[in-house]
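Feature list (source: Swiss-Prot):
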- 14, 15, 16, 17, 72, 129, 133, 137, 197, 198, 199: substrate binding site (BINDING)
- 67-72, 82-83, 88-89, 111, 146-147, 191, 201: FMN binding site (BINDING)
């Protein structure tokens, strides 16, 4: 098959979205109520990694970057994830804290996008979560200088075994370079696939202490 034939095949890949619609009259006043309902349904549907979300940041040149992290907590203050503070994403957030999140629940023909500002979590919040993780995950946090170049996986594996021996007694200490961010909730868009590409999109925008809801064209 030529490259052109393959491209033509990709261009014709499509399907109808038939899982159901989303109507304005069914929307709660608070977007977190709908988010919680959708997240619960994603878990009940046994989606792989239902808390996985794409975090989009930009560097100092305006170049966007995306990666998948796991949502670890959410409330009216925002959505929380944890990371290595030496990572590319952490440096980009330090330079420009405006980010977007995306939950791609394809099987349910849904996605949720969040736009807001990322702020560092307190040491107390980070420490509480860090010590709730499996011990090997805690040790793993010490191993990698995230986003740095390495010559082989064996370097990481050797370092892990070395640190596992070092920390075999007592608690694993919290690395100074490990932390988390809370993304504020300024805008939340809910997308539900619809027949004939007439998808349902609703945008919640915070206005003072209330939420404004608008339907967007698909």
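Using the three backbone atoms N, Cα and C, a Cβ is placed for every residue, glycine included.
Mapped onto this structure are the features recorded in Swiss-Prot.
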residue: 14; record: substrate binding site; CB count, 10 Å: 6
residue: 67; record: FMN binding site; CB count, 10 Å: 14
residue: 69; record: FMN binding site; CB count, 10 Å: 17
residue: 72; record: substrate binding site; CB count, 10 Å: 14
residue: 88; record: FMN binding site; CB count, 10 Å: 16
residue: 111; record: FMN binding site; CB count, 10 Å: 19
residue: 133; record: substrate binding site; CB count, 10 Å: 15
residue: 197; record: substrate binding site; CB count, 10 Å: 10
residue: 199; record: substrate binding site; CB count, 10 Å: 18
residue: 201; record: FMN binding site; CB count, 10 Å: 17
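The shortest Cα-Cα distance between residue 69 (FMN binding site) and any of the binding-site residues 14, 133, 197, 199 is the one to 133. Closest to residue 14 (substrate binding site) in space, going by CA atoms and restricting to the binding-site residues 71, 82, 88, is 71. Annotated pair residue 88 (FMN binding site) and residue 197 (substrate binding site), C-alpha to C-alpha distance, rounded: 36 Å. Residue density at residue 71 (FMN binding site): 19 other Cβ atoms are found within 10 A of its Cβ, drawing on all protein chains shown. Across the structure, residue 133 (substrate binding site) and residue 201 (FMN binding site) are spaced 36 Å apart at their Cα atoms. The separation of residue 111 (FMN binding site) from residue 199 (substrate binding site), Cα to Cα, is 11 Å.
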